[in-house]
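To start, the structure under review is shown below, and the notes come after it.
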Amino acid sequence: MSGYVNRYSLIVLIFCTIEQGLVALSTVSTVELGRALSGGDSNTLIFWSFVLVVSLLAVFIPRFGYQYFIELVKYRVFERYLEVFERKIYNSPYIMKDKSLYSDRKSVFNNEVWNVVTYSCDYMLDVVLTLMNIIFNVLVLSIAIDVKFIPVYLLTFAVVLLLITAFRKKSDLLSDILQKSGIKLNSIVLFGFDTLVCGNRYNLNVWKESINYHISEVREKIFKRESFVSVSSGAIMFCGALPIIIFVYILFRSSSNIGERVALIVTLPRQINMIQYINVMIVYIFGISNILVRNKTILKSTDIIDCKSDCETYIQFNLIKILKNSKSIEIKNMKKLSEFIQKEKNGRITICGENGSGKSTILAVLKEKLGDDAYLFSQCLNLYFDGSDSDSKSSGEEVVIKLENILNKVYVKYLLLDEWDANLDKYNISILSSKINDVAKHKLIIEVRHRNNE
């Protein structure tokens, strides 16, 4: 969560402080107006009426400030998460071999990062505003009415904190379970658009059945968590409000000053609001565990090192044929292939073999080993190119444009092309194959071919 602390969040904090200071000033004005009314001082009445109006109108200025800067906080935190993903998973194509891991991590990246960032920022803004509102109002009531309000509210906070600590572990557990269920649901949603567009009733029915099951599961987890939070926060609020209610009652009964009694009466709505704010704060504190869990899940999704060691076990060299400039070469393990490739300066290496033999895995392992000296292209990867977000084209046209971009604009030692010809007609295959031959004169092309006889 340290990524949420930046210069913009500090500016948000300043604007929040100014706003809550103005809100507190309106409370002071209300107290002093009550006293002025009971004392009959017209000048004091006019002055505090003016202060009240100004404080109520001026509050919109800092509100605009923190609403603007909280948006900047969101984009800065989002950028930081992208930087973490880049640092942790960049050049790790081998994770595609573990479909479950790949699907979960991709679901988190596509669906969770921005949503969690926006939700967390808005949530923490509400927490800060509520907490400041409570603190400022306690200080105002203590100064304007009776300083004993401070120890009473401190006692309330102590009771609330003690009870929250008692319930926190259960709340964290329920939040973690709910988060995992939500991620699983999102990973299944990813299949939906293609399933609908394709129009296969069998796949649609299976997908809908799975979606409905996981929605039901998420609903159940939400109900359990929210029920627990509601019951526990209600109990905490009741216990926490007792010292305040008792103190206000005693203070009212013991005071013989009309002005003081009027001040207590005019601030009674504020006292009730304070109890409500304390309840809201309790709910927020329980919700913070959910925020922490969701942000930890994002960071955890960048941990993909576990699947790296298993990647090469997918490769079956006895089922794979390797050609260099159309001539067969004998290579029976990944180490020998890596050594051979790093000695070559140019040419065209073609990898053929049965489905499931690990041809694409070879390219993934090579890309990880060669790093930025290599460029990996696969039609299975949704890579971003110039114009990717412009007018749509057929899949074949897109492949041709992407390959031409790669052949003309990508400057690396090695081009790794994974079944680049899979969705192309013979004419385009012939044109692009000729271009690949030209490029192979000054760099090494390593390709997995969909058609090994072209």
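Cβ coordinates are placed from backbone N, Cα and C, and glycine is handled just like the others.
Record features (TrEMBL):
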DOMAIN    345-454  domain 'AAA+ ATPase'
TRANSMEM  7-25  transmembrane segment
TRANSMEM  45-66  transmembrane segment
TRANSMEM  123-144  transmembrane segment
TRANSMEM  150-167  transmembrane segment
TRANSMEM  228-252  transmembrane segment
TRANSMEM  272-293  transmembrane segment
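Residues 4, 12-13, 16-17, 19-21, 23-24, 27-28, 31-32, 66, 70, 150, 153, 263, 267, 270-271, 273-274, 277-278, 280-281, 284, 287-288, 291 of the same chain lie 6+ residues outside the transmembrane segment (123-144) yet bring a C-beta within less than 8 angstroms of a C-beta in it. For the transmembrane segment (272-293), the most Cβ-contacting stretch among 45-66, 150-167, 228-252 is 228-252 (pairs under 8 Å).
Note on the transmembrane segment (150-167): residues 134, 138-139, 142, 228, 232, 235-236, 239-241, 243-244, 247, 278, 281-282, 285-286 of its chain, located 6 or more positions outside it, place their CB under 8 angstroms from a CB of the stretch. For the domain 'AAA+ ATPase' (345-454), the DSSP-based tally of helix, strand and coil residues reads 44 helix, 22 strand, 44 coil.
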